Amino acid sequence: MDEGIEKNIFVNLESQIDGVCPKFYVNVDDIDIIHEPPEFYQRLKKLIKKAQKRIFLSTLYIGKEERELINCLSNALSNNPSLHVHILADQLRCTRESPGCCSASLLMQLKKKFPDRCEIKLYHTPNLRGLRKQLVPHRFNEGWGLQHMKIYGADDNLIISGANLSRDYFTNRKDRYYLFSDKGLADFFFKTHFLFSQLSFECIPHLSDSSIQLSSTSPVIPFTLKWNNSCPNPLTNPQEFRVAASAKIQQLLQGNREKFLSRNPSKPLSSVYGSELINQAGDDNNKPFHKYEESAIVYPLFQCVPILTSDVHSTEEKVLSIIGTLLSRKEVNWTLTAGYFNVYPALRKQLLKSEGIGEVIVASQQANGFYRSPGPSKLIPPAYQYIAEQFLKDSRKKKRNIDVLQWQNKGNTYHAKGFWLSTQHHKHPFLTTIGSSNYTSRSQQLDLESTLVVMTQNEKLKRKFSTEIELIKQHTKPMNTCQLEKVPMYVKALTSLMKKKL
């Protein structure tokens, strides 16, 4: 009976998400969960070193001092003449320190050495341009939107994460990392990378005789940004840019769902993009077979509101709404974590309507990357603590069985985000989400985000989901038992005013 409840929930959820976004089937043995920052870095470098055809990295930024990573990419290109490297990052974040040393200037070392086999693309939000861009300080311009996806591919391997490519994310900034060894999924995300690259500026080196120098004493800016795409420039023609971008993205978001829904029902493992499980035993002439117990279903979700017209909708919010509806069932338990916990209103409402057991894992002030930082950013940790306190207070008012746990591990910061769902009589989750989104109003409306829903009935993978949660919870305490730093009244007021930017 209990098995039937979970299977019924699983199948119904699958049928609902099928109509929204692309779908892949991945063998559970081809999914590996990485737990710690140093392991993430070592695995990433290993994938880069072994790559034969392609490396594609979509990230917010590469740390301006990450010479080891750049050298790793350079060595891979030197050792394999057929290898190409494609990097997509955010322009505002990668040029913030310019004309000083910045992420973009570091990347130019690679571009200069391999001009024909290294592509650097920097996305710029259409929301910040003209006089406003000139007036907003560099430290704050990210508040108008970013390229926030974290997709790291090498040949047919893919790491989906929330981590950026900088020193703290390689050492002591806790995040989540899923490694997939699946050609269909890797091909899809390479196409995704290419699509968003077509909506971004190319970053190329300046010739030495035409470098930009602001004054006789200022450093030379070693790069220039060129718009050489077929669609309009987002900084000069934002509306036309959105129309063109929407046309390109719509097929990606929907994943040819008409073709998918009309597929041969006798071969349910054949996805739109060709990712499938094969019967290696050869008993059925290598035809795809359908066994929930041996596979995981993977749905790629995207959030890209700032570059879409009003008639085209992102898939992340739709699918999270479907998942959120499940929380009203008493059989469903859930865990949600976000280093920056400030879920958008519709999701917050669904969480507070949940009938099962719920957990929210948040960063303590000390585990927030902005703790005791200079300037106004030092107010960010108490602001997020206040938001978490308010959520806990509201859940108590509604008599919901929800705990808020604070994560703290001395010398480390916390950046993990994602959902896990399980049923009452099953310890191990059957679903998780993994990716870049913090599920905030800001990420929903301003940033480019990529998330995966991973569902399975395989006990081995479900136990891996459980292990991941347990390792995170090793460093947590219930918020109502912690000695919390007092949040000043002015921070509470500012948080209420600026909530959509957090």
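Just so it is clear, glycine is given a Cβ too, placed from its N, Cα and C backbone atoms.
Under the heading active site, Swiss-Prot lists His148 (among others). On its own chain, His148 (active site) has Leu60, Asp90, Ser436, Ser437, Ser443, Asp447, Leu448, Glu449 as residues at least 6 apart in sequence with a Cβ closer than 8 Å to its own Cβ. Mapped onto three states, the DSSP output places His148 (active site) in coil.
In sequence order, Ser58, Thr59, Leu60, Ile160, Ser161, Gly162, Ala163, Asn164, Gly435, Ser436, Ser450 constitute the residues six or more apart from Lys150 (active site) in its chain with CB-CB distances below 8 Å. Taken from Swiss-Prot, the feature active site applies to Lys150 (among others).
For Asp155 (active site), the number of other Cβ atoms no farther than 10 Å from its own Cβ, over all displayed protein chains, is 18. Annotation source Swiss-Prot lists active site at Asp155 (among others).
When Cβ atoms from all protein chains are considered, those within 10 Å of Ile62 (ATP binding site) total 24, not counting its own. Residues or ranges marked as ATP binding site in Swiss-Prot (evidence: sequence analysis): Ser58, Thr59, Leu60, Tyr61, Ile62, Gly63, Lys64, Glu65.
Positions annotated as domain 'PLD phosphodiesterase 1' by Swiss-Prot: 143-169. Using DSSP to sort the residues of the domain 'PLD phosphodiesterase 1' (143-169) gives these counts of helix, strand and coil: 5 helix, 11 strand, 11 coil.
Outside the domain 'PLD phosphodiesterase 2' (410-443), and at least 6 residues removed from its termini, the chain residues within Cβ reach (under 8 Å) are 2, 5-6, 9-10, 13, 143, 148-150, 160-163, 168-169, 172-176, 178, 301, 303, 316, 320, 323, 326, 330-345, 347, 356-357, 361, 363-364, 367-369, 371, 449-457, 459, 462-463, 465-466, 468-469, 472, 475, 499-502. Per Swiss-Prot, the feature domain 'PLD phosphodiesterase 2' maps to 410-443.
Residue pair Tyr61 (ATP binding site) / Asp155 (active site) shows a Cα separation of 21 Å. Taking DSSP states H, G and I as helix and E and B as strand, the domain 'PLD phosphodiesterase 2' (410-443) has 3 helix, 15 strand, 16 coil. Separation of the C-alpha atoms of Asp155 (active site) and Ile62 (ATP binding site): 20 Å, rounded to the nearest whole number. DSSP assigns Glu65 (ATP binding site) to coil, not to a helix or a strand.
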